[in-house]
Every structure is written in structure tokens, then in C-alpha cells.
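Listed in TrEMBL:
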{"type": "REGION", "residues": "1-77", "note": "region 'Disordered'"}
{"type": "COMPBIAS", "residues": "17-35", "note": "compositional bias 'Basic and acidic residues'"}
{"type": "DOMAIN", "residues": "75-182", "note": "domain 'Fibronectin type-III'"}
{"type": "REGION", "residues": "98-118", "note": "region 'Disordered'"}
{"type": "DOMAIN", "residues": "186-276", "note": "domain 'Fibronectin type-III'"}
{"type": "DOMAIN", "residues": "280-374", "note": "domain 'Fibronectin type-III'"}
{"type": "DOMAIN", "residues": "377-468", "note": "domain 'Fibronectin type-III'"}
{"type": "DOMAIN", "residues": "469-563", "note": "domain 'Fibronectin type-III'"}
{"type": "DOMAIN", "residues": "567-658", "note": "domain 'Fibronectin type-III'"}
{"type": "DOMAIN", "residues": "663-760", "note": "domain 'Fibronectin type-III'"}
{"type": "DOMAIN", "residues": "761-849", "note": "domain 'Fibronectin type-III'"}
{"type": "DOMAIN", "residues": "853-941", "note": "domain 'Fibronectin type-III'"}
{"type": "TRANSMEM", "residues": "973-991", "note": "transmembrane segment"}
Amino acid sequence: MVPPSVTIPQTAPPVLRSDDRSRVQRDKMKRRLEQRQGGPSTTPAPSPSKKPPPRKSKEAASSSSSTPPASPASPGLQLNVCEVSQTAANLSWAATGSANVSGSEDSGLAEPPPPEATTMYQLSIGKKGKEQKILYFGTDRSFQLDNLQPGTEYSIRLAAVLAGEGGSASSTAYTSFTTLPSSPSTPSPPRLVGRTKTSLTLKWSSCPNGGSPLTAYILELSDSDGQWQQIYKGREKQFTVSKLLAGASYSFRLAAANAFGESPFCPPVTFHTQEPLPPTPAPPRLASQALADRLLLEWDPAEIVDAYKLEQAEELAPNGAAPAFFLVYHGPDCRFESQNLQPASAYLYRLKVEANGQCSQPSVAARHVTIPAPPFAPARPQLRGRPQAHSVRLGWAQPLHTGGAPILAYQLQFDMGQGFQDVWSGQGCETVINELAPGRLYQARVAAINSAGISNFSEVAQFNTAAAPPGLPVWTRKQQPPSTHAVTLHWDPPAADGGAPVHHFEVEVADAHSRRPAYQGAEPFCVVSGLQAATLYHFFVRAANMAGLGPWSPELTLQTAVAPPAMPEPPSVEVSEDGVAEFSWPPLSTATSYGLQLALLEEPSAEPQYKQEYSGSDSNCQVANLAPGSTYLARLQGSNASGAGSFSTPVVFCTPVSVPGALPHAPHCVSLKSDGSSAHLVVSFEQPVHWGGDSHGPLSYQLETVPSNPEQAPFHVNTDELTVELDLQLESTYRLRVRAVNIKGPGPSSPALRVTTPPPPPPAPSLSLIAAQPRALRLGWEVVEGTTVILEMRLSEAHKFHTVFQGRENRHKVTNLKKNTEYQFRTIAVGPGGQSDPSEVFIFRTKPEPICLPTNLKFSETSSSSILATWQAPADHKSRLQSSSSRHGPFTVVYEGSECQYELRDLTPNTEYWIRASLVHNGEEGAWTTPAVACIVVKAAAEAVSRPAQVASTPAVERRQRPRALSEEQKKAAIVAVFLFLSVVLAVFLARTVTM
């Protein structure tokens with residue numbers, strides 16, 4: 001390990017050898033050096049063919065490490081080389097007395113190094129003329145060199161470095177040596193570069209010569225007995241072995257030789273000569289019908305085959321040369337589809353067979369032809385010449401490929417905004433298309449047609465037809481009225497713009513003397529000014545686009561208006577006592593009508609708000625309905641067809657005080673009530689429209705009634721209490737009017753309020769019983785039109801009456817009553833006059849429950865002429881039984897009593913008897929049951945002896961029996977049972993749903 005105080009040179013760190021063999025060699029070298037102790041140097045002399053290099057200085061020796069000179073060790077450091085072999089050498093070195101290791105160059109004495117200093121040695125080696133590399137750096141004085149190349153000259157550089165606290169110094173020694181030569185190294189195996197059926201051509205690479213030039217290469221061949229025979233010896237690196245068998249395998253090995261001997265042989269390699277050629281196959285044939293761009297070929301399989309080679313060539317080669325075949329398939333299949341072929345073209349195909357590494361001779365070329373195909377798309381259509389406004393000339397180039405068949409026609413399509421449509425079809429590559437719109441973008445495409453079909457359409461060509469001048473502008477039907485010196489004109493752009501946008505319009509104006517331009521611009525309207533009043537003018541307009549100017553429109557004739565009249569004189573005014581103002585003014589010669597405006601001066605500082613009060617052609621007028629006791633401003637204005645003139649100077653006038661104005665609305669009925677003897681009316685009203693110019697306002701209000709009430713006198717109320725209450729007669733009509741009164745007297749009456757007092761209440765109607773049921777009573781009464789009846793009921797004196805019906809009907813059914821129970825009723829009538837007193841109390845009773853039917857009516861035979869009838873009935877009911885020989889009667893009572901059975905005797909066998917039953921309770925008779933049939937059947941004598949006759953029902957009787965109808969109670973019970981069943985099912989379903 002390098003001590004920390006040693007300065008390492010600017011080279012790579014040394015590679016230290018730490019194996020046991022190196023350590024032993026160094027120990028040997030140290031012992032030999034200790035035995036000699038300063039003996040002569042054993043460094044071998046340089047080669048006699050080379051001169052020793054000149055002596056270098058210590059600085060030059062230390063700075064040169066790539067190409068050191070081959071010289072003896074430099075003074076101060078002795079380097080020895082010994083035991084040089086073909087691949088190894090031993091190095092040792094020692095310091096001499098002249099070595100300067102103390103850093104002083106003037107002193108010739110060797111000074112001992114300081115005890116703390118350490119001498120380190122750096123050993124570098126390299127081939128002569130090449131860069132050296134450091135092999136060792138350490139304190140040892142010997143080193144074993146291994147893995148050297150034989151016969152190679154090496155240069156050695158050794159540097160001694162003194163490291164310590166006081167600094168460092170170094171000395172360098174150089175030497176060179178050459179390793180011993182040897183036999184060549186084992187060459188690489190030869191490789192095969194060519195072969196035939198009887199020969200193999202081998203080639204090999206050079207190998208290391210062991211430091212001596214190669215003299216020969218030795219190539220040996222193994223015979224059939226496994227013995228190696230030399231077949232070539234020489235300096236060449238390639239040799240052809242001939243006279244071999246076809247399809248046989250041979251093994252070879254190679255060695256090299258120089259002056260020092262032969263190298264070992266390389267590992268053997270084996271090569272094969274070519275097999276005999278397979279037999280020539282039959283030419284390929286078509287496997288299916290030929291297509292335009294592909295041919296499906298097949299061939300017969302060979303007996304021995306590794307692969308097939310299919311070659312293809314065009315029959316017509318360029319420049320008349322022979323067909324050039326090229327490989328299109330290589331594989332084991334006996335079928336191949338040749339694709340991407342030209343339509344209607346002939347192709348040649350030949351087949352080869354590969355077997356055992358050999359390829360057979362090609363088969364006879366087979367000629368196959370593809371069918372024609374639709375042609376390629378023609379070139380994009382091009383314009384021929386400049387496009388016209390309504391026509392274009394188009395041309396196009398023929399397709400690059402006609403598909404193997406002549407072109408029969410071309411089909412041209414145009415897109416005019418609704419998709420491509422056929423516009424022309426025919427021969428030739430040029431055509432003219434007419435009837436086009438000017439300045440419009442069109443798209444065109446063309447397709448070629450041959451016997452195989454139509455081609456794809458060409459690329460789309462776009463072109464514009466030439467623009468044309470625009471059409472006629474159209475004057476707007478309704479023009480603005482002309483003024484005195486200007487006219488505003490409007491027109492619509494032309495319907496046909498000629499295929500180019502209209503960029504401006506031109507307007508000319510003409511009068512009786514001249515015609516001149518009046519406007520040029522892009523807007524479809526203009527104002528022509530500088531005209532004379534009341535003059536007739538003619539106007540013309542035309543449009544322009546990039547193609548030029550369009551035609552002039554038809555003339556538009558307009559006459560300018562006359563000038564507005566001048567400012568009139570102020571009007572004169574006279575106001576009468578009743579507030580009517582009469583105005584008059586001198587007429588104006590240029591005015592056709594006059595307008596009078598008035599403004600009420602409510603506050604002197606406020607801006608007057610004028611209102612039009614008169615408009616007409618007269619020079620005087622009257623204005624009524626002016627506010628009394630008010631100040632007004634009046635102004636006059638004249639107008640004619642040209643407009644209105646200026647207003648005159650305002651005139652101030654005042655109106656006199658008058659009676660109060662009328663109330664704006666009729667009195668309002670607040671409430672109207674009746675106490676049975678009289679009607680109480682409460683009315684309210686508003687203040688008048690004005691107070692007649694009196695600042696004190698109305699002093700009172702006067703209420704008038706028709707028919708007049710002599711006891712009702714005018715009354716006074718405060719202005720904030722405009723409500724009065726009156727007592728009127730019942731079933732009477734009144735008209736009420738109110739007017740205000742001030743110091744000038746009463747004003748006009750307000751609109752009348754028509755009030756009709758209600759009539760007296762209607763009498764309560766009497767009740768009558770229409771029908772009684774066990775649990776309901778149907779009651780009736782007489783009803784007066786417009787009267788509402790209230791029906792009240794109570795159970796007894798101890799209960800209160802409660803309403804069970806209210807309406808305008810004349811009957812009502814009271815339900816949910818108890819059977820055989822008395823109820824008390826009364827009525828109340830409600831009409832326009834109010835509600836009457838309750839009527840007298842009426843008492844009605846519900847009926848008892850109806851008598852039920854006997855149940856379970858059965859018949860049993862007691863003898864050959866009698867039948868026992870049995871049934872079920874309540875214990876407190878009596879039973880009745882009837883019999884008949886027909887279903888529809890007549891029936892005869894055969895039993896009446898409290899028993900529930902009865903025996904019918906003296907009956908005729910094999911005869912039907914119809915029997916029915918009913919119940920009687922408290923003297924009331926119940927309904928009869930449905931008749932049931934009974935019959936005694938008597939059979940043959942033998943059977944009659946064995947068993948007695950029995951009651952039977954014939955099929956006809958059975959068919960006539962019907963299920964008995966359910967009673968009302970049974971129906972109700974059935975409905976309740978069904979409802980309970982559905983409730984249980986729904987509850988179970990909901991419970992399961994919640995659980996899930």
C-alpha cells in the first residue's frame with residue numbers, strides 16, 4: 001500500500017500482482033541480488049542489428065514513456081532482464097552510488113535517505129514503437145512478466161520516486177528485450193466459398209506466426225477409413241479440392257508452419273458437394289378463370305422437393321429485348337396467386353424445383369393473359385380558353401391505362417349545388433357546356449368507359465364562369481314623402497347580380513331642363529338634396545359589379561313638398577261665465593290647417609305642459625271643459641303639406657270660479673242588510689273632479705233619492721268622511737245621486753247608483769214522507785224558485801237539530817238510520833230577503849227489517865205417494881207452503897203454521913210438483929222463495945220390488961234450477977270478506993318487500 005506522504009505521478013495507478021507465483025519469483029530475485037551485491041549487470045546486450053540509442057538526460061528520460069530507447073540502465077538505477085522465454089521474463093533492479101535520491105544534482109556523493117523516506121518504483125512496459133502502460137508501482141525490486149507474445153521486442157521503463165516530508169526526487173532507467181520465437185498458433189477452421197457436384201473451394205484466414213514468418217499452410221482431408229491425408233501445403237489461403245463425388249460429405253482440418261515447427265490442427269469441419277439436379281417440372285397452368293389484375297396458378301407436385309420457384313416475365317419486353325424473368329414465389333405450395341398485374345396483358349411463367357440443395361432447370365414458359373379492366377381515371381378536366389358567362393370549354397387527357405380495351409366514351413358530370421349530375425357523354429376529350437349561371441363556382445369530373453365498364457371519376461376540377469353586369473334594381477313600392485328640398489330614395493338590389501357582388505349603385509335625377517348624377521355608393525338608399533320646393537323630378541338607378549354597369553331602372557317620378565308656413569300672430573281669447581273660451585286669429589296664406597295648444601299653469605316656476613285642443617282649417621274655435629278659476633297659456637301653429645311652422649307667442653288668460661264639478665263615479669254600495677222589516681244601506685262616494693276654482697273646496701254634499709224620501713234632507717259631512725247610512729223599504733228600487741255644493745251653489749249630480757232592497761224572507765216549506773225504508777227516509781217539500789232549503793233532524797227532544805241537507809232540490813233521502821225508529825225533522829228557507837224561521841217539527845218512522853226467506857228447502861220420499869218437505873226458519877216466524885203442477889202457477893197453500901216441515905200426500909208418481917215457501921212475522925208476509933221441483937220416480941217392477949221409489953230430478957228439471965239470488969246483507973258480507981282478504985295479501989307483500 002502506498003504511504004500517504006508519497007506523491008503519485010500523473011499516470012494511472014499501478015496494477016499490483018498478488019498471486020503466490022509472483023511472490024516466489026520476487027523472493028528469488030532478491031536473494032540473487034543480495035548474493036551478487038554490486039556485480040556486473042546481466043542486462044542482455046542489444047540486438048547486433050540495432051545501434052544503441054544516444055544517452056538522454058534525466059529530465060528527457062523521465063518525460064518520455066511511450067517510446068523509450070533500448071539502452072543500458074541509466075546512472076543511479078540499474079535494471080536487469082533475465083530468464084527470457086517465449087511468453088515470460090523476470091525483471092530486477094537496484095540503486096547505484098551515483099543515483100541522486102536527495103534532490104541535489106551538484107553533489108556527486110550519495111546521501112542516505114532520511115529514515116522516514118520511502119523509495120517507490122514504477123514499472124512501465126510496451127511493444128516497441130507503441131504506447132507503454134504501467135504494470136507495477138511499489139517498493140519491491142523485482143517483477144515477473146507473463147503473457148508475452150513470442151518473438152516480440154518490448155521496451156521497459158523504470159522510475160524511482162522518493163517520497164517523504166522533505167519533498168521527492170526520481171531517477172529513470174530504460175531497457176528493451178525480445179522474447180524467444182515459437183511455432184505458429186492454431187489457425188481458424190477453413191470456410192466454404194464455393195462448391196459444385198465434384199469440387200469444394202475452401203478459404204481460410206491468417207493466424208499468429210509465433211515471431212517467425214509462416215512458411216506454409218497444411219490442409220488435410222479425412223478419407224473413408226477416418227485417416228487424414230495431406231492434400232495441400234503452401235502459402236496460399238485458398239484451395240479447390242476436385243475430383244469429388246456428387247452429394248458426398250468431406251471433413252477438413254488446417255495447420256500452419258514456420259521455421260520453429262507446425263501449429264496444432266484446427267477442429268475438423270465438414271462440407272458437402274452439390275446433389276444432382278432435380279428433373280425439369282411441367283409449366284404452371286391456370287387454376288381458375290383469369291382476372292384483370294391477378295392470375296391463380298397451380299402445378300403438379302414433384303416426387304422429391306424442398307421448395308418451388310416460380311418466375312414471371314412480361315411477354316412484351318421493352319425495346320424488343322428477351323423477357324426478363326424474376327422470382328415471384330419461393331415455397332413448398334403447389335399454388336400461387338400472382339397479383340398487381342396489368343389488365344389485358346400477357347405474362348410468361350416458368351417453374352423450378354429445389355431438392356437436396358439443387359435447383360432444376362426451368363420449365364417451358366407458359367403464357368397467360370389477364371382480362372380487360374375498366375380504364376384508369378382520366379386526368380382532371382381543364383379549361384380550354386377563358387370561361388364565358390354562360391358556357392365553358394373543358395378538355396382532359398386520356399387515362400394512363402385503358403384497361404386493355406379501347407375507350408368507347410367519356411362521361412362528364414357537373415356539381416351545380418345539388419350533387420354531381422350527368423351533363424355530357426360522348427367520344428372525344430373536349431366539349432362545351434352551355435346554359436350556366438354567370439359568376440358561379442362549378443365542380444366537374446370525368447370518367448372513361450370501355451367494354452369492361454366505367455372507370456373511377458377523375459379528380460374534381462373547380463372553375464368559375466365569367467361574371468356579367470347585374471340586372472335592373474327595383475324601386476321600393478312605398479317611398480318616404482319628399483320634403484321641400486330633399487328626397488329619400490330606397491330601392492332593392494337586382495335579383496340577378498351577374499355572378500359578382502354589386503359594389504356600388506348610381507342614381508341620376510332629371511327635371512324639365514337637365515339630367516345629372518345624384519348618388520354613387522354601396523348602400524341601396526340615398527338622400528338627394530338641393531332640390532326646389534313643389535317641383536316634379538324623375539329618378540333613375542342602376543347597379544355595377546366587376547363586369548360593368550347594368551341597365552338603368554324605370555324612372556321614379558316624385559314631387560317635392562311646399563315649405564312650412566311662417567309663425568302666426570298670437571290668438572285673441574274671450575272667456576264666458578260658464579268657462580268656455582273662444583279663440584280667433586288672422587289666417588295665413590301658406591297654411592292649410594291650424595293647431596291650438598293650451599297649458600295649465602299650476603306653478604309659475606314649472607315648465608308648461610301643452611296639450612293639443614284644436615286642429616282644423618278654421619281661423620277660430622271654442623274650447624270648453626276648462627278648469628274654473630285657473631290660469632292658461634295658449635299658442636297657435638300653422639301647417640301645410642311640407643310640415644308644421646313655428647308656434648306663436650303664448651297668450652295668458654284666466655277662467656272664472658264656478659260651481660263644483662261632478663263626482664267622477666256613482667256612489668258605491670258598501671253594504672245592504674235586512675232585518676225583516678226594513679233594509680239598511682251604507683253608501684260611500686268620492687270628491688268632485690274640481691272645486692270650481694274655490695280655494696275653500698266644497699262646503700257640503702247633497703244626496704238625492706228616487707223615489708224621494710220626504711224625511712231625507714240635504715246633509716253635510718266632513719271631506720274625509722264620505723260615507724252615509726240609509727234605512728230603506730224592503731223590496732223597493734232606489735236611484736241615489738250625490739253632488740257637491742260650494743259658495744257658487746250645487747254642482748252637477750254624479751252618476752246614479754241603482755239599489756234594489758231585498759224582499760222579505762220566504763216561508764219555511766212543509767215536509768212530506770215520500771218513502772220509508774228500514775234504514776232510510778225519503779222526504780219531499782215544495783220549493784220556491786231561487787230559494788235554498790235547509791233540512792234539519794234530531795232523534796228526540798233530548799237532542800239538538802243538525803243539518804242533513806242544504807240545497808235547491810225538492811227532495812232528499814236521509815240514510816244511515818235505525819230501523820223502526822221515529823225521527824224529528826224541520827225546514828228553514830233561505831232567499832234573497834234572508835233566512836226564515838224554522839218550520840214546525842215533522843215526525844217520521846223508519847220501517848222494520850223485511851221478513852227473510854226460508855232457507856235450505858229439501859224434499860225426501862216417505863212413500864210411493866208422499867214427499868216430506870223440510871226447511872229452516874227463525875223460531876218467532878210462521879211458515880207457509882204452496883204447491884203447483886206448473887212453475888208459473890197457480891199455486892195452492894198446502895200448509896201454514898210454526899213447524900218447519902210438512903208431508904205432501906196423495907202424489908202421483910213420475911209427476912213434477914213445484915213447491916215454494918215464505919214466512920210471516922207480526923202479521924206481515926214475506927216474499928216467496930223460488931219454486932223448487934220435486935218428483936217421485938217409479939222404475940221397472942223388478943227394480944221396484946228390490947227397492948222403493950225415490951224422489952229424483954229429471955235433467956230438464958236440473959237445467960231449470962237456478963242458484964238463488966243473494967240478499968243485500970249477504971252481498972255486503974261478501975264485499976267485506978273480499979276487502980279483508982285483499983288487505984291481508986297486500987300487508988304480507990309489503991312486509992316481504994321491506995324485509996328484502
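Backbone N, Cα and C atoms are what each Cβ position is placed from, and that goes for glycine too.
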When the domain 'Fibronectin type-III' (280-374) is classified with DSSP, how many of its residues are helical, how many are strand and how many are coil? 3 helix, 40 strand, 52 coil
Per-region confidence, the domain 'Fibronectin type-III' (377-468) (mean pLDDT, whole number): 89
Which numbers of helix, strand and coil residues does DSSP report for the domain 'Fibronectin type-III' (186-276)? 0 helix, 45 strand, 46 coil
Would you list the DSSP helix, strand and coil counts for the residues of the domain 'Fibronectin type-III' (761-849)? 0 helix, 42 strand, 47 coil
